[in-house]
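Chemist: Supplied in structure tokens, the structure appears directly below.
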Amino acid sequence: MNPEQFQMALAEKGIELSDDQMKQFHDYFKMLVEWNEKMNLTAITDEKEVYLKHFYDSISAAFYVDFTKFDTICDVGAGAGFPSLPIKICFPHLKVSIVDSLKKRMTFLDALAEKLGLTDVHFYHDRAETFGQNKAHREKYDLVTARAVARMSVLSELCMPLVKKGGSFLVMKAAQAEQELQTAEKAIKLFGGKVEEHFAFALPVEESERNIYVITKTKETPNKYPRKPGTPNKLPIE
């Protein structure tokens, strides 16, 4: 998917990108490739692959969820900024917080946000377990996203505490998502969530499976969650 195809594909979904926004994506791609030479940000560096598997894939959530209804977003373990920064480029009104445990990725994201002229974007170098117990952030976000490889039961413990009551947790998964959901149902309920919607689709060009789950926060997360750093991964609630 080249940049022109990317722009057309989004337009077909009702997301019209201006020349300025297209330049932001171009600069994002250039910086990603440049910085990737000195630090491991992504295994995907081919332009067409980046536009499809990073940019388009990140924005695909907006085909099913109305981002104009949200004000604040937190992206847990965003790595090189996915999915939150491509979403931010498309929906500039969003106030985005990104938390990641690797300092070098924070350095990249800071430089990237400055280059792209992104405002209302904040980066926090922290473990998700610690961040979720921080009163300044706990249950403060309209929407929390995760595009991480961790199991859904683990992601729920890391992300649900950050979602405000009535807000949503958006889980983006590839294949085997249904199986993961079954093992995560206990955790989702415990942390105050309810699975509201599931969208399954294929990524264009390569036709690979994608799944998006919208989990609504119906009640507050018990204070003891998330547990200490490392515990959710070692002893997931399933």
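Including glycine, each Cβ sits where the backbone N, Cα and C put it.
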Chemist: From the candidates R138, R147, give the one listed by Swiss-Prot for the same S-adenosyl-L-methionine site as G77, F82, A128, E129.
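Modeler: Among the candidates, Swiss-Prot records only R147 at this S-adenosyl-L-methionine site.
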Chemist: Restricting to the same chain and to sequence separations of six or more, state which residues have a Cβ under 8 Å from that of A128 (S-adenosyl-L-methionine binding site).
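Modeler: Correct list: V76, G77, V99, S101, L158, C159, P226.
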Chemist: Give me the non-local Cβ neighbours of F82 (S-adenosyl-L-methionine binding site): same chain, 6+ apart in sequence, Cβ-Cβ under 8 Å, ordered along the sequence.
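Modeler: Listed in sequence order: H54, D57, S58, R147.
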Chemist: When you measure from the Cβ of G77 (S-adenosyl-L-methionine binding site), how many other Cβ atoms are you left with inside 10 Å?
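Modeler: By my count, 22.
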Chemist: DSSP on A128 (S-adenosyl-L-methionine binding site), three-state: which is it?
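Modeler: For A128 (S-adenosyl-L-methionine binding site) - judged by DSSP and reduced to three states - the answer is helix.
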